[in-house]
Every structure is written in structure tokens, then in C-alpha cells.
Amino acid sequence: MFAFYFLTACISLKGVFGVSPSYNGLGLTPQMGWDNWNTFACDVSEQLLLDTADRISDLGLKDMGYKYVILDDCWSSGRDSDGFLVADKHKFPNGMGHVADHLHNNSFLFGMYSSAGEYTCAGYPGSLGREEEDAQFFANNRVDYLKYDNCYNKGQFGTPDVSYHRYKAMSDALNKTGRPIFYSLCNWGQDLTFYWGSGIANSWRMSGDITAEFTRPDSRCPCDGDEYDCKYAGFHCSIMNILNKAAPMGQNAGVGGWNDLDNLEVGVGNLTDDEEKAHFSMWAMVKSPLIIGADVNHLKASSYSIYSQASVIAINQDPKGIPATRVWRYYVSDTDEYGQGEIQMWSGPLDNGDQVVALLNGGSVARPMNTTLEEIFFDSNLGSKELTSTWDIYDLWANRVDNSTASAILEQNKAATGILYNATEQSYKDGLSKNDTRLFGQKIGSLSPNAILNTTVPAHGIAFYRLRPSA
């Protein structure tokens, strides 16, 4: 086996440069919500957004934290005589303000889309050079979130400085409106966005577009994993490809500014249940936004129970906001049909002194995997409290909603109330501070100094744990 080790330095670049917690007071935890693009692309309408919001609410997902309803590309019909954007009246007959009001009246937040280019990616009017009037359009329509893409940028890229100023123009324009608007950059990680994004935005994409494949290589996503400075980000990037590119970037993200690994593919395509669990777990662990990409009106029971796993979401919404680190990576001989095979261990600190740990199996067969306190607390010195204490192990995927119950909720034969965690009534921060057992998983054992944590991990699957100091 060929080993790769990625241990983050004790003093990260974020610490050196003193990145502020949030440039606009938003994004104190990674955003959660739904975006239409992965499933519907340009097939958008007022009815789709409002029906989807109602369904998210009925399924209890809004109260789990999925508050942003994000309208992606293809909503515009052009500009009016004053240069302001105009919504397509066939798709949105009552206008964007009506959509915003409906969502706000039902305790959602409204997201819209544009591009830092002459056109959007689908060829509609972009905002390059028109940042102030477009920002005012979004504010006038009571928008709470802007996804800002990178197509048709007139060649204004190639150095961090050029890209920074192109995206800063919209950041400044949004702030000038006086309306708090979450600013989500979608420039595919071009020009090292993770270095400069936190000063002007709340999240930033760090790779090409995701596809519903766990490991499959694709020539349209030409850079391999760990090529974090990809000159051509592309699209159709697999889950493992994006995850590996994100591995060294956690030190540049945190409260107020997050690495965005792209929308979730849980419930999209033909991923296995183990692949969907691994995908959701790792996005949660590295503090990526949790944006549902599926059609919530046609979710499988197993996918719904993944989206509603409170103990995993609590890792993502942890107030400390520190992305986990990949501690080790090995290539393995049992490769899958695409010639891919690797195993990894990730670890990261949590706000209340706990630690999150993942053993990820990218091989083609189930296998025993293990780790130790020395690996889990890789920055701790010998004799430290972390390495000389006993830790209780909690399985974060235990107590998952069973398929029968999930199906009953999806078929509206049973209410989600009382079954799912309600973060509207009690935030994840408050639930964690009060030791709400729903957020910690199920205790399965303990790990003492010099002992080994052993488990069997399914192919393309994960073992996902919270470690808590033993009483």
C-alpha cells in the first residue's frame, strides 16, 4: 500500500493572517437548504419553489435547519429599459417579491443566482459590470442569499488578485444595499479562492461541479484529487475527487466563511446507501454547506433518513466551526470498476471538547479498519490530557430513522413532529450544550490510552464517531 499523510501544521494560515469570523455577520455555521440545479437545472418556476418549500416543511427538514430555498440559473428574461433584471413572467407570474414573501411567511430564507460574467452559465444576463443595480434588484426582492457563478467572465481570472476584485465588486454592492445577504461564491476554486474568500464572502466553491458518482473518473473533471490549484476545474467531479481536493483547505475556513464542496447528491442518481452516508458524513465533517440537491417530492426513505440524521448534522453545525483534517490516506489493491481504491482517516475538534472521527473505505470490499488516540489527536504531545484519557465512543449513525418510519413520513401517514430533531425549537448549539442525547449518537464502547479502535467498514462506506471524555 502507498501511504499519504496530511497533518495540518499547529499554526494554520488562518491563524497567521487573522481571518475575521464573518465579514457581514452571516454564516456563523455552514448554510443548510435546497437548490434546484442538481435535479431540475433550467426547469424552474414559482410553483416548483413554493411546492418544494412546503414539502421541506412538511417533512420536518426545515426545522432541522434546511432554511434556504435557492433558485439557481434560468429565472430571468433579460433587463428592462433602466437596466434592471427582469424575472421571466411565464415562470414567475407573480414576481420574485411574491416568492420571497411566501417563503419568509413560512420561516424560510430566499436565495437567488447570478454570475460574475457577461452571462450566466445558461446564457442569461450576468452581473459583471452591473453589480450595484443587480445587488439592489436582489435587495428590493427581499433576497437573503446570492449564489454567484463564474461563467462568461471575459477572461478576468488568472491571478488571485484579479478574481478577488471581480467578486469583491458584488460583495461591496450587496453590503451597500443595507440588506443582510449571504454571499456564496461559485467560482470553482479558481485562483485559490480559499485564500481570499473569507474577506468578502460567506462560502466559496473549491472545485468543479459535483456528479452523483462516488469514485468514477471523468475527463470533464481533469484534475485528480489533491490537485487543489486546478487550472481547469471542469464538472462531473466525483465525491471522492472533490473530497481529496478539499483535504488541505480546512485551515482556511471557519466561522463566517466555508469551503463549499457543492450540493449534496444524496437522493440523486444511483449511489448506494453506504455511499450516501459517507458523502453526507464527510460534507458535514469538513463543514461544507449542506444543500439538498434532490427532488424532495421523490426521495427514497433511506435518503430521507440520511438528510434527517441530527447527530451528523450537529457535527456540521458545531459552533467551533473547525473543519476536520485528513490524518492519513492509503491506496489499496482492491480497486473498484474504475480502478479506484483508497482508505482514509479524518479527525477534528468540536466545541464541547469532543472529537469527531471518520474511517472512510474507498475500496471495493468491506474491510477491518482501525485507529488510535495518537492518530486521532495528531497535534497532541505525548503525555497530554488527550492521549492519557479514556474516551467514550458514540456511533453517529446509530438511532437512524428506520425505513418504515421514513416511508410513513414521506407518504404523509405519519408526522415528522416528535420523530426528528427540531432546531427551530432548540438550536444545535443549545442542544449540544444541554447534552441532548439525540445529537450524540449511541455509545458503543470506550477507547483507552494505548488501545486501538477497531471496526469493519463497508465498501465505499464510513464508520463515523463522536468521542467524548469518559466520565
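First residue shown is number 1, and so on along the chain.
Cβ from N, Cα, C; glycine included.
The structure displayed is predicted, hence computed values, not measured ones.
These come from Swiss-Prot:
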| type | residues | note |
| --- | --- | --- |
| SIGNAL | 1-18 | signal peptide |
| DISULFID | Cys42-Cys74 | disulfide bond |
| BINDING | Asp72, Asp73, Lys147, Arg205, Gln251 | substrate binding site |
| CARBOHYD | Asn105 | N-linked glycosylation site |
| DISULFID | Cys121-Cys151 | disulfide bond |
| ACT_SITE | Asp149 | active site, nucleophile |
| CARBOHYD | Asn175 | N-linked glycosylation site |
| DISULFID | Cys221-Cys237 | disulfide bond |
| DISULFID | Cys223-Cys230 | disulfide bond |
| CARBOHYD | Asn270 | N-linked glycosylation site |
| CARBOHYD | Asn370 | N-linked glycosylation site |
| CARBOHYD | Asn403 | N-linked glycosylation site |
| CARBOHYD | Asn422 | N-linked glycosylation site |
| CARBOHYD | Asn435 | N-linked glycosylation site |
| CARBOHYD | Asn454 | N-linked glycosylation site |
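Projection of Swiss-Prot feature records onto the structure.
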residue: Asp72; record: substrate binding site; DSSP (3 states): coil
residue: Asn105; record: N-linked glycosylation site; DSSP (3 states): helix
residue: Lys147; record: substrate binding site; DSSP (3 states): strand
residue: Asn175; record: N-linked glycosylation site; DSSP (3 states): helix
residue: Cys221; record: disulfide bond; DSSP (3 states): coil
residue: Cys230; record: disulfide bond; DSSP (3 states): coil
residue: Asn403; record: N-linked glycosylation site; DSSP (3 states): helix
residue: Asn422; record: N-linked glycosylation site; DSSP (3 states): coil
Using a Cβ-Cβ cut-off under 8 angstroms and a sequence gap of six or more, which residues of the chain neighbour Asn454 (N-linked glycosylation site)?
Pro368, Met369, Asn370
Could you tell me which three-state DSSP class Arg205 (substrate binding site) falls into?
strand
Any idea what DSSP makes of Cys121 (disulfide bond), helix, strand or coil?
coil
Asp73, Lys147, Asp149, Arg205, Gln251 filtered to the recorded positions whose C-alpha is within 10 Å of Cys121 (disulfide bond):
Asp73, Asp149
Determine the minimum-neighbour residue: among Cys151, Cys237, listed as disulfide-bonded residues, which Cβ has the fewest other Cβ atoms within 10 angstroms?
Cys151
Look up Cys42 (disulfide bond) in the DSSP assignment and report helix, strand or coil.
coil
Rounded Cα separation (Å) that holds between Asn403 (N-linked glycosylation site) and Asp73 (substrate binding site):
34
Residue among glycosylation sites Asn105, Asn403 with least C-beta crowding, 10 angstrom cut-off:
Asn105
Run through the Cβ atoms and count how many others sit within 10 Å of the one on Gln251 (substrate binding site).
18
Can you tell me the three-state DSSP label for Asn370 (N-linked glycosylation site)?
strand
Tell me the coarse DSSP state (helix, strand, coil) of Gln251 (substrate binding site).
helix
Quiz question: given the disulfide-bonded residues Cys74, Cys121, Cys221, Cys223, Cys230, which has the greatest number of C-beta atoms lying within 10 angstroms of its own C-beta?
Cys221
How big is the gap, in Å, between the Cα of Cys221 (disulfide bond) and that of the residue listed as 'active site, nucleophile', rounded to a whole number?
17
When DSSP is mapped onto helix/strand/coil, what comes out for Asn270 (N-linked glycosylation site)?
coil
Measuring Cα to Cα, how many angstrom lie between Cys230 (disulfide bond) and Lys147 (substrate binding site)?
21
